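S.K.: Checked Swiss-Prot, it gives:
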BINDING   His81, Asp142, Asp199  Zn(2+) 1 binding site
ACT_SITE  Asp83  active site
BINDING   Asp142, Glu177, His381  Zn(2+) 2 binding site
ACT_SITE  Glu176  active site, proton acceptor
Amino acid sequence: MTYPNLLDRFLTYVKVNTRSDEHSTTTPSTQSQVDFATNVLIPEMKRVGLQNVYYLPNGFAIGTLPANDPSLTRKIGFISHMDTADFNAEGVNPQVIENYDGCVIELGNSGFKLDPADFKSLEKYPGQTLITTDGTTLLGADDKSGIAEIMTAIEYLTAHPEIKHCEIRVGFGPDEEIGVGANKFDAEDFDVDFAYTVDGGPLGELQYETFSAAGAELHFQGRNVHPGTAKGQMVNALQLAIDFHNQLPENDRPELTEGYQGFYHLMDVTGSVEEARASYIIRDFEKDAFEARKASMQSIADKMNEELGSNRVTLNLTDQYYNMKEVIEKDMTPITIAKAVMEDLGITPIIEPIRGGTDGSKISFMGIPTPNIFAGGENMHGRFEYVSLQTMERAVDTIIGIVRSL
């Protein structure tokens, strides 16, 4: 089905810079997310028919579409995030490519291009309307496509009261991209039987397995002396960082893994001879493997300190989120419903693990099973991001279909 307001709604959203900031100590991490929620989303939530709309101190904009049939007693939620990834989001100037011809798309005057030779996903979209960047920013389809799709579905349900539905709760939250947005999610306030994040990628994605995730912060304390008299005295903190890294499995890196394979990912190294720091993320699907990875890093640090004769390597491990499969497999109802709806719509469900996480990874462990469905974005988190309008329309169809089926 086509939805006349979907494209304009999406274009309005992506033009607002809502980039999150991992170094911030506030919630949300950026004022722009607060402004987007209060000045753009909340007024529109009211316009499309949501009631009891409010903004919580945790950064979530919440609204309710009351049940229009008292016999439908379930309560369901739909959730998307407002923030965008750590890439330029100022001055987003989307291009709308109607009836895509399958050829190279020039991204404005930036010199960058979307070439099917480099991005095979483009081969799926001839004849469709694509929204791209101009090559200077990301697009923000992750996850403003999800917000636009949820908003459009609510608008449609409000305009069609003949579609009987249970109570629907909507939540638009902050800081998903930096992994902290759902930390303060109020599950008791949201109060639904189950929910869906609309935060997936291509058509048909239906996901209930995520990584379990941890962060590792390492501090290496060296001892700097003049290199001319360094023998037996100098301890080079940068060399300690190298030595630590070289003891991790050589092939357990993101660029060498896929499917259910986990990894260690070195994100950042800074320092000098005197002092160095390194940041890693740790990812795996199975709980035992996840715990083993953390234990391995601690073992390396302990071994190095023993060999050095002092505690020059300090490791701080922080769990970030866990594989929501552990929760959702106890009751697969949300998956069964979404899968059946997609199949009825002629969409082939793609049920595979997310090599990442969603807000649902945390919300599921708060007592609300929250799998993830597609929102349409491709090549997310950078200048090559794009989305198909037709896929977005199918996401709206899926949301409405889920509501109809309850």
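Placed from the backbone N, Cα and C atoms, the Cβ positions cover glycine too.
On a predicted model such as this, the values are computed, not experimentally measured, just so you know.
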S.K.: Would you find the one among the binding-site residues His81, His381 whose Cβ has the most company, meaning other Cβ atoms within 10 Å?
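M.R.: Of His81, His381, the one with the most crowded Cβ is His81.
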S.K.: Any same-chain residues 6+ apart from Asp142 (Zn(2+) 1 binding site) with CB under 8 Å of its CB? Would you list them in sequence order, or say none?
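M.R.: Those within reach of Asp142 (Zn(2+) 1 binding site), by Cβ under 8 Å and sequence separation of 6 or more, are Thr84, Ala85, Glu177, Asp199, Ala375, Gly377, Met380, His381, Glu385.
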S.K.: Which number gives the other C-beta atoms within 10 angstroms of the C-beta of Asp83 (active site), all protein chains shown included?
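M.R.: The answer is 28 other Cβ atoms.
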S.K.: Do you know offhand how many angstrom separate Asp83 (active site) and Glu176 (active site, proton acceptor) by C-alpha?
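M.R.: So the Cα of Glu176 (active site, proton acceptor) lies 7 Å away from that of Asp83 (active site).
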S.K.: List the same-chain residues at least 6 positions away in sequence whose Cβ sits under 8 Å from the Cβ of Glu176 (active site, proton acceptor), in sequence order, or say none.
M.R.: Ser20, His81, Asp83, Asp143, Ala182, Asp199, Thr358, Asp359
S.K.: Quick check on the binding-site residues: of Glu177, Asp199, whose CB has the lowest count of neighbouring CB atoms inside 10 Å?
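M.R.: Minimum Cβ neighbour count within 10 Å, taken over the binding-site residues Glu177, Asp199, occurs at Glu177.
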S.K.: Under a three-state reduction of DSSP output, how is Asp142 (Zn(2+) 1 binding site) classified: helix, strand, or coil?
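M.R.: Its secondary structure by DSSP: helix.
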S.K.: Quick check: in three-state DSSP terms, what is His81 (Zn(2+) 1 binding site)?
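M.R.: In the DSSP reduction, His81 (Zn(2+) 1 binding site) maps to strand.
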S.K.: For the recorded Zn(2+) 1 site formed by His81, Asp142, Asp199, name the remaining residues of the chain with Cβ within 8 Å of the site's Cβ center, in chain order.
M.R.: Ser80, Asp143, Gly146, Glu176, Glu177, Thr197, Val198, Thr358, Asp359, Ala375
